[in-house]
Amino acid sequence: MSIVRMTDLDLSGKRVLIRQDLNVPIDNGQITSEQRITASVPTIKLALEKGAAVMVTSHLGRPKEGTWSEEDSLAPVAARLTTLLGLDVPLVRDWVDGVDVAPGQVVLLENCRMNVGEGKDDEALARKYAALCDVFVMDAFGTAHRAQASTHGVIRFAPVAAGGPLLMAELDALAKALDNPAKPLLAIVAGSKVSTKLELLSNLVNKVDQLIVGGGIANTFIAAAGHDVGKSLSEPDLIPTANQIVADAKARGAEIPLPTDVVVAKQFLPDAEASVKSLDQVDADDLILDIGPQTAAHYAELIANAGTVVWNGPVGVFEFEPFSHGTETLARAIAASKAFSIAGGGDTLAAVDKYAIAKDVTYISTGGGAFLEFLEGKTLPAVAALEARGQ
């Protein structure tokens with residue numbers, strides 16, 4: 001990877017503009033999860049320690065360009081950064097045409113999505129961003145898949161463009177998992193629909209040794225194998241696609257193990273009566289809501305023997321206690337495994353939290369959409385721009 005790293009640069013006396021992902025949930029002016037803010041602090045501290053004059057910006061929500069609104073303001077984030085850094089972090093509202101900041105100071109530049117031209121990667125705006133700094137640092141992996149003025153255009157025009165520690169840690173972990181994995185490489189891909197994870201499945205099937213499918217996705221694969229899935233969520237029109245993915249796996253000696261037993265209910269309710277059935281016992285009015293204990297034990301054994309595990313999606317309706325055991329079994333197997341493990345996606349992170357295994361997963365991706373697009377084999381605009389500047 002030819003990307004210039006912020007950690008390698010002399011920043012003494014330099015004006016440094018850092019694009020962070022500070023898009024945190026805010027309810028009535030109160031931040032309800034500050035994980036992204038906390039994650040950004042080491043990068044800001046590093047820039048300060050290196051003697052830089054630090055400017056930080058981020059998006060928050062989806063404001064209308066050209067209009068300021070309190071609900072989309074980074075004001076609560078500035079207050080939290082002031083506390084976490086132990087120094088005053090003023091919020092600058094109109095900043096595109098110039099910012100006053102001295103070495104040793106930090107300013108937070110108001111929500112960049114309020115700037116006209118941000119979303120369309122406007123060149124004139126990107127050049128103005130670039131003119132604010134000596135060094136631009138892209139540290140927001142979660143927006144690396146968006147070609148916008150603050151995530152792409154500015155990289156082209158800044159005097160120096162570098163990858164920040166958070167972004168580089170994410171790219172290093174993903175490269176380790178996919179480009180040069182310890183074998184066997186096992187991926188868990190679960191979710192409600194094959195259609196939303198189709199590109200992901202099609203890309204991973206050419207890389208992995210084992211591909212475990214879960215949730216509604218698994219139901220489509222179960223139906224493709226000729227089993228009745230009752231009234232479970234599935235996509236009959238994608239059965240030929242599922243068969244093709246299975247054939248592709250088989251052709252290169254990879255395996256897509258299907259459940260042998262499942263947990264079913266008659267209703268989709270948190271307290272629905274759950275029963276374990278083998279695949280051939282599923283009734284026409286059954287809903288498959290989790291993998292069965294026999295299947296979970298088999299999958300856990302595969303995880304225990306894996307060299308690398310990529311996890312995207314819970315394998316059952318883990319929010320409902322009777323249908324949470326499959327996901328819990330796999331989560332605990334990943335935690336106990338010696339494999340290099342990477343987990344990402346909103347529901348996956350909720351499962352990691354629920355079973356308190358964060359410290360036992362090698363790398364937790366906060367990237368969301370960018371994580372998925374990387375797994376799909378797509379080029380991320382911000383990464384491509386940084387690589388071009390690093391040549």
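All positions are counted from 1 along the displayed chain.
Positions of Cβ are set from backbone N, Cα and C atoms, glycine also.
Since this is a predicted model, take the numbers as computed values, not measurements.
Features as listed in Swiss-Prot:
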- ASP21, LEU22, ASN23, ARG36, HIS59, LEU60, GLY61, ARG62, ARG113, ARG146: substrate binding site (BINDING)
- LYS197, GLU319, GLY345, GLY346, ASP347, THR348: ATP binding site (BINDING)
(message) Can you tell me which of the binding-site residues LYS197, GLY345, THR348 is spatially closest to GLY61 (substrate binding site)? Compare CA atoms only.
(response) GLY345
(message) Rounded to a whole angstrom, what is the C-alpha distance between ASP347 (ATP binding site) and ASN23 (substrate binding site)?
(response) 18
(request) Determine, from DSSP, whether GLY345 (ATP binding site) sits in helix, strand or coil. (result) coil
(request) Among the binding-site residues HIS59, ARG113, LYS197, point out the residue whose Cβ has the most other Cβ atoms within 10 Å, with all shown protein chains included in the count. (result) HIS59
(message) Can you tell me the CA-to-CA distance separating ARG113 (substrate binding site) and GLY346 (ATP binding site), as a whole number of Å?
(response) 23
(message) Taking only same-chain residues 6+ apart in sequence, whose CB is under 8 Å from that of GLY346 (ATP binding site), what do you get?
(response) GLY368
(message) Counting across all protein chains present, how many other Cβ atoms fall within 10 Å of the Cβ of ASP347 (ATP binding site)?
(response) 17
(request) Find the shortest Cα-Cα separation between GLU319 (ATP binding site) and the binding-site residues ASP21, ASN23, HIS59, and name the residue that gives it. (result) ASN23
(request) May I ask which of the binding-site residues LYS197, GLY345, THR348 is closest to ASP21 (substrate binding site) if we compare their C-alpha atoms? (result) GLY345
